[in-house]
């Protein structure tokens, strides 16, 4: 595969992590085709990506990348770490300024339809600063590999590897400030899907080292219960459609029933095109026989991931407060 990179908003960062960090994914890359027809579209997944018959894939949405920093508004500190050099997996760690005791640890998985966005983007960096400060928690935001350059299940594999890294790393921010018996998974959109599936994998296989996942928060989750999602099918060539519990958890309710976390919260938005899918997940989990505490919060008259694009609104603050109550 020949990749043409179009890097926008990147910050050049020198040091041992510079080859892994602060470089957004390519917006234009190439899967060579046997017969190419210039500019004829094979798949149009607007506003995420467009696939051309000649093999080109154009990602249509990017946001600026920012380095870690000491945030003056929230006083939250952040730094970047390399989880794995091969495959390339990174993460951004967050700590509130005052950490006299060990804090609950939030593992956050960004959204973007499995294909776009970054843990290092302005949207997610600002959101993690706000969550860390409001909830007084430590946080790890995962920079996983994106599809279709790295077809699904690469995103699941990377987040699982990061969970194992957290359980075993000597990094002082984790070892000295994170309480691994109080871990929470959260994500929005595709990140919520990944968070659920990591919870399922953790419940089946465990991870050792005393790490305990207390709860998961699924914000505007990307699932598909009644109709096969065409983007998912393109990004995950090995899927078996609606029978795939990674995209349709109701296809195997036994996996949901076995989740070992104590709490699950689902957040939906009234105008979100994925709203009904969030409610379907909520109903499927209720019917599965899972015995934990289940909550759902719907924000009326708001669209998909509104809290990322308008973080200072009253409704965004209410969502952050709701999530903070889960983490504590």
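Glycine too: its Cβ is placed from the backbone N, Cα and C atoms.
Just so you know, TrEMBL annotations are computer predictions that nobody has curated.
Not measured: the values here are computed from a predicted model.
TrEMBL has this to say about the protein:
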| type | residues | note |
| --- | --- | --- |
| DOMAIN | 106-307 | domain 'Alpha/beta hydrolase fold-3' |
| ACT_SITE | 189 | active site |
Mean per-residue pLDDT in the domain 'Alpha/beta hydrolase fold-3' (106-307) works out to 97
Using a 10 Å radius on the Cβ of residue 189 (active site), the other Cβ atoms enclosed count 24
